[in-house]
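Colleague: Got a structure here, written out as structure tokens. Questions coming.
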Amino acid sequence: PSSAASDQRDVYDKAFGRADGNTLNTGTMERPLEATRMENSTSSCFLMERRTRVKINRKEVMLAKLRKSCSCTPKKLKNFVMDFLPVLRWLPKYQCKEYIWGDVMSGLVIGIILVPQAIAYSLLAGLKPIYSLYTSFFANIIYFLMGTSRHVSVGIFSLISLMVGQVVDRELLLAGFDLNDDAPSAWGDGSLQNDSQSNSTAFNLTVAGMNAECGKECYAIGIATALTFVAGVYQVLMGIFRLGFVSMYLSESVLDGFATGASLTILTAQVKYLIGIKIPRSQGHGMLVITWINIFRNISQANLCDVITSAICIMVLVTAKELGDRYKHKLKFPLPTELVVIVVATLVSHYGKLNEVYASSVSGAIPTGFIPPKVPHFNLMLRVAVDALPLAVVSFVFTVSLSEMCAKKYAYTIRANQEMFAVGFCNIIPSFFHSFATSAALAKTLVKTSTGCQTQVSGVISAMVVLLVLLFLAPLFYSLQKCVLACIIIVSLRGALRKFQDVPARYHVNKVDTLIWVVTMSASALISTEIGLLVGIVFSMLCIIVRTQQPRTTLLGQIQNTSFYEDDLEYENLSSVPKVKIFRFEAPLYYANRNYFLKSLYRLTNLDPNLEAARRKKYEKEKQHLKKGDHTTANGLGMRETTLQLVPKQNDFQALVVDCSSISFLDTTGVNTLKEILKDYKDLNISVLLACCNPSVTDSLKRGGYFGKDCGSMQEMLFYSIHNAVQFAKDQKCAPKQLPLFPYK
């Protein structure tokens, strides 16, 4: 090796601490060395050795994992059970003196809030209040056993109830049932009885070869439990196959837009209870618009008693909420306003006989006790299999998001995959006990944390409060007006509806995210919640694609007296490099943005090599005609005039430096695009130099043959920094004398 190469190896040995005297044989290298020009006072070249990639036998790895997963030892079985039921790990370490007071207080408060909300949200789900109470009870118990978050409150949630209710209403209509809420009930005596007479229409349900006559209420809860069971199965399968990444496609803008759009739908569905009119429950696309049209058509039939009651309840609830928010730091626990309103409203309705005198719609009898468990119908599962998918994703995303938020705030960790299992079994197991889909709820979670919750023991306390109502207190809510429940639901939507106030600030921060929010919100409200969620996901992905299809492109200028370069349009006092153009492309280079890359490059450099090459060819052709004595052309112009028009353009640069620092990857089209501009500019005697390529981009270029068959020309084409490339371009005449940048022998 030459003395220069020897000096180069000495620099490498000193940099990497090789004190053993062993040097690298550049003549027979076992793995490539990448040398990078650095601005260094002691050396102009620095070698970096690429790590050897160990080839992995995927078949052997898969077999080893399979053998490991299939093996069963007592220790492994114990760990599996402990992981599947996290309560076995933390409950034995429970610090009773420190935690019990906060858990009991938060559990009682959440239980008190759960009861009126469960009864109210039954209107959204299109089911009897008893099923909402079952849902709240079982969800808290199961999440206590399987959840990894200490603070999340899992149970009935307004958005999930709405999604369940839309499927239930659709299937009831298809089965020929009347959606009139005031259909006679079989539970008039407050006991659990067969409900086959709960509607004048009966549905012959065939399950496993057996025919059973099923009434409206029976069929409605059958649809809800089948939907819940399938959603839970989806969530468990997502946990088994590690598909939690699906939640990454639900951005904050999509979730906020979906929640706001669904809130508008919920509000619209409750207006008829608010003013006491009877209109058909709209189904399908455009439900919000159709419902409002029906409301205004029947506004003259409004029940004055319900209107007055609603106005009073909303005024009391909103005032209490605002005062609670303003003085929440002084209050040890939130005021149970909903419970107070329900108790007072029930007493007034009962003793004032509002149902009999003013025809005000009431909740009716709520039975006590538990219905015997029942397996969800397989035939109904097939009908709702598609509807269960968005329900499963939304339920999981809200639960994991709230769990991560609480874990970050209180400095502990959760296991997202176990959360998926937990919420999955919170749907699967309760579906056998006449319950419907559940999720974590933001409002109750915030209340839980503010009242001193320490562990999920608080969930057990909340479940006990609900159980007390189920066993003894449920019949007391017979005279509760539905307009009061509607008021509770509407006031609980304040947080989501306030998102409209944040639109200007959101727009100021990011216009694209604001557009995603508006599109998702509009689709969720005007079409349907499921379609709105899908539209939001697709539109957000399209926005990402558009951003990469038309990314920012610019020419760079040099910061004076430094080795740094920045956007010439964004910064002043940048100096241009003579005879060198520096082009930056701020996106991956792939098939979708290839044309935009080329157009931007030609526009910013003011040179299209294809047009310039054609111009030069035509110029040479006309010169040949001139030598032969032909002084006219086919278009009738004189040869001298034509020649003047075709004079080749004098290039104001001799080297093009492409800043690849923002190019995260190249596909085959991207590599071919760079090879194309390399060839086209070479024909015009313009060098193309690449700077700041990451290793994956470099490997793609190697595999694509960008540097030639043996990569021998890599030292003249690839540089560690823009300044290295610019310096090389300035000294290009001396390039053969310099040390090779990527020596491959």
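All positions are counted from 1 along the displayed chain.
Using the three backbone atoms N, Cα and C, a Cβ is placed for every residue, glycine included.
The following feature annotations were taken from TrEMBL:
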TRANSMEM  99-121  transmembrane segment
TRANSMEM  141-164  transmembrane segment
TRANSMEM  218-237  transmembrane segment
TRANSMEM  257-275  transmembrane segment
TRANSMEM  380-400  transmembrane segment
TRANSMEM  421-443  transmembrane segment
TRANSMEM  463-493  transmembrane segment
TRANSMEM  514-542  transmembrane segment
DOMAIN    570-729  domain 'STAS'
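Situate these features within the shown structure.
Modeller: With a threshold of 8 Å between CB atoms, the same-chain residues lying at least 6 positions outside the transmembrane segment (99-121) that come near it are 129, 132-133, 135-136, 153, 155-158, 161, 332-334, 336, 338-339, 341-342, 363, 366, 444, 447-449, 451-455, 457-466, 469, 477, 480, 485-486, 488-489, 492.
Sequence-remote contacts of a segment are chain residues at least 6 beyond its ends whose Cβ falls under 8 Å from one of its Cβ atoms, and for the transmembrane segment (141-164) they are 84-87, 110, 114, 117-118, 121-122, 124-127, 132, 135, 224, 227-228, 258-259, 262-263, 265-266, 269, 387, 390-391, 394-395, 398-399, 402-403, 406-407, 410, 412-415, 418-419, 421-423, 425-426, 429-430, 436-441, 444-445, 447-449, 453-457, 459-460, 462-463, 489, 492-493, 529-530.
Note on the transmembrane segment (257-275): residues 123-124, 158-159, 162-163, 165, 281, 287-288, 291-292, 295, 299, 302-303, 306-307, 310, 361, 394, 482-483, 485-487, 489-490, 493, 496-497, 499-500, 516-526, 529, 532-533, 536 of its chain, located 6 or more positions outside it, place their CB under 8 angstroms from a CB of the stretch.
Nonlocal intrachain contacts for the transmembrane segment (380-400), taken as residues 6+ away from its ends with a CB within less than 8 angstroms of a stretch CB, comprise 152, 154, 157, 159-160, 163-164, 167, 171, 222-223, 226-227, 229-232, 234-235, 238, 244, 246-247, 250, 255, 258, 414, 416, 419-420, 422-424, 427, 437-442, 529-530, 533-534.
Tertiary proximity for the transmembrane segment (421-443) is limited to same-chain residues at least six positions away from its ends with a CB under 8 Å from its CB atoms, namely 84, 125, 127, 130-132, 134-135, 138-139, 142-143, 146-148, 152-161, 163-164, 221, 224-229, 231-236, 238-239, 370-371, 373-376, 391-392, 394-396, 398-399, 402-403, 492, 495.
Only residues 6 or more beyond the boundaries of the transmembrane segment (463-493), in the same chain, are considered here, and those with a CB under 8 A from a CB of the stretch are 107-108, 111-112, 114-121, 123-124, 129-130, 133-134, 136-137, 140-141, 144, 158, 181, 190, 263, 266-267, 270-271, 273-276, 306, 309-310, 313-314, 317-318, 321, 338, 341-342, 345-346, 349-350, 354-355, 360-370, 443.
Outside the transmembrane segment (514-542) by six or more residues, the chain places 159, 162-163, 166, 249-251, 253-254, 256-258, 260-262, 264-265, 284-289, 387, 390, 393-394, 499, 503, 506-507 with a CB less than 8 A from a CB of the stretch.
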Colleague: By a Cβ-Cβ criterion of under 8 Å, what residues six or more beyond either terminus of the transmembrane segment (218-237) are in contact with it?
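Modeller: Here the qualifying positions are 125-128, 131, 164, 167-168, 171-172, 175, 177, 195-196, 198, 203, 205, 243, 374, 376-377, 380-381, 383-385, 387-389, 391-392, 395-396, 420-421, 423-432, 434-437.
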Colleague: Calculate the per-residue pLDDT averaged over the domain 'STAS' (570-729) and state the result as an integer.
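Modeller: The predicted confidence over the domain 'STAS' (570-729), as a mean pLDDT, is 84.
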